[in-house]
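Taken verbatim from Swiss-Prot:
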| type | residues | note |
| --- | --- | --- |
| MOD_RES | 96 | phosphoserine |
| BINDING | 122, 123, 124, 125, 126, 127, 128, 129, 130, 148 | ATP binding site |
| MOD_RES | 255 | phosphoserine |
| COMPBIAS | 457-473 | compositional bias 'Basic and acidic residues' |
| MOD_RES | 498 | phosphoserine |
| MOD_RES | 510 | phosphothreonine |
| MOD_RES | 515 | phosphoserine |
| COMPBIAS | 531-544 | compositional bias 'Pro residues' |
| MOD_RES | 582 | phosphoserine |
C-alpha cells in the first residue's frame, strides 16, 4: 500500500533514521499524521508498537531537526543530498515505487532491501559487482534491472571504494538522457546496492568481438551508435561532467539499435576557469584511451573525452580491437607526442570518419571539436545508402542481388569500383559502381554520403551544422551522382606539392609503423576507391584517398560542409559512371580560358578541380580562385573553413602567407 500524500513527511523522517518499518504502526495505531501530533505520543505508546528506547531517541532527534528545518545528518544524505523538509509533497503515481519528487541532487528512489532479488553475475569492476536482478514494485509489478553492489571485504567496505561508489550514485541520480543508463534507486542495505536500468544485450564491445556465427554489426548501425554517443556525451558536458572512461566496454546495448553510456565510476565534475579535472594522486586510468594531457598531467576535460570518443570510434570500426595493443602503457605517451603516431584507419572505416577521428586526436585540446559540434560533423560524415540494380557475381567482387541494400563506404564518380557493405549478407568488399544506384530507401537518415572519403570529404565534418542539410535525404542527392565531379588522385599530390614548394617545408616526422602522424596533410598513396559526397556550392571537391595497404592514409581533418540540393547536378538515375557535369561547354574557348586562369592562380590544383570550382560559382573566376584557396588552406590546418576564409582575407588572399601563418600556430 502506498503512503498518502499527507503522510509522506513521516515516511521520509523515519527512513532518514532507518525506522521506516514503524511507518504503518505510527500512522494507523497512533494516528500520527502531522508533526505536532508527536507532542501527544508518550514513550510507552512507542513501546507498545515495538520501538525500543534507543530508536525512540533517534526519532526524537529527527523530529527536532525536522521542526527546525535542518537537513538530516544521515551519512548517505550528507554525501548524496537529502530530502528537503520544506519540499512540496507530491503523491507518487499508483504504478510507481516509493519515489519522491526530489529537488536536484536528491535521491531518485530508496528501495527496500527485500524488493530486489539478485540473479546471475553480469560483470565486475574496481569497487563493485553487477548482477541481473528483479525489482518488485509496491504495485506487485516486477521489472528486470541491473544491480551493482559495493564490494565488501572482511572488515567492511574500504573508504576509497565506498567514496567511489557513492560518488557514482550521486552522479547517476542527476542524469536523465535517452542514451545514458538510468539509475532507478538505491538500496540502503548490506551491501549498498544501486538498482539501474538493465541493458539486456550487454556491452557493445562484447557484441563487436562476438565469434561466429554471430553476424557483424552493419557499418550504418555503427554510425548511428556514434551519433547517439555524441549526443549523450554532449549532455554530460552540459552537466559539467567528464566521463574519463569512454570505451565500447562501457557502452551498453539497450536494444539492437540503441546504446547507452554506462559506468560512471570515474566521472568527475569539471571545475575552475579552465573547465577541467586534475587527478590528485595515482589512480587507475585507461591508458590506451587517454589523451596526452591526461597521461602527462592527469588532466581531464571535455576535450579529453573527445579524444576518447575518437578511440571509441576506432574500436567500433576495427571490430573491438584493443587500441595500441602490444605497446606498454609507459610508451603510449611517447608514441603520441614524440612520434606523433595515431591509430591506423580500420578497414571498415570511411575516410570521412577517420578524418573526424584524427581531428578528435589533435594534440592540443583546444583544437578538438566539442561534442555538440561532433553531432553535426557525424551527420556530415553519414554513409550513403544505395540499392543493387543488377546481380554481381564477378570473382573477387562483393556478391549482391537486385534489391539488396548497399552501404557505400568508399566510392567516387571517377572510379568504376566502389567499396561497401551488403545489408543482406553483411559482407564487405569492392563492387562495380554500375551495379548500385543511390535511391531513397524509405526515409532512412542517409542524408550525406558519409564516405565523402577523401580527406577532403572527411573534411565535410568541419565547421558548424546546417539544419536543412541535416534533414536532407537521398532525394536531395543527384540521381546520377554527378554532383561529385572527376577528382583524380593527382589532386592530392598537387596539394602536397603545393604546400612544400610554397612554404619550403621539410618532411614532418612520421608516427612510425602503421600509425599516421597527427595533423599531417596527406601524401596519398595511390587509391582505388574514392568516395562520393555531395559538394557544397562554394567549395571544390576534395580528392578521394583510399588506403589499400597496411600503411594508413593520413587524411585531413574532417570538417562539415554546407550544401543544398539545388546545387547538385542532375543525371540519369541509373548512371553507372561519372560524366563531366554540365555547367559550361568544355569546348567553349571562353570557358577554357577561365579554367586556365583559375589553374594558374592557385598552385597545385588540377584542371578538373578548376572546372568544378567555376561551375559552382557560375563562371565567376575570382570566386572560384578564392574558394580553391580556402579549400587548400582548409586541408592544411585544423581550422574551420570560415576561419580559413578570414585568415586569407587578412593576408589579402595570399595563400603562401596565410599558410605560413597557420603552420606557425599549429
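Note: Cβ is positioned from N, Cα and C throughout, glycine not excepted.
Locations of recorded Swiss-Prot features on the structure.
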residue : record           : Cβ contacts under 8 Å, 6 or more apart
122     : ATP binding site : 130, 131, 132, 146, 202
124     : ATP binding site : 130, 151
128     : ATP binding site : 148, 149, 150, 151, 161, 165, 194, 265
255     : phosphoserine    : 201
Near the Cβ of residue 130 (ATP binding site), how many other Cβ atoms are there if near means within 10 Å?
-> 20
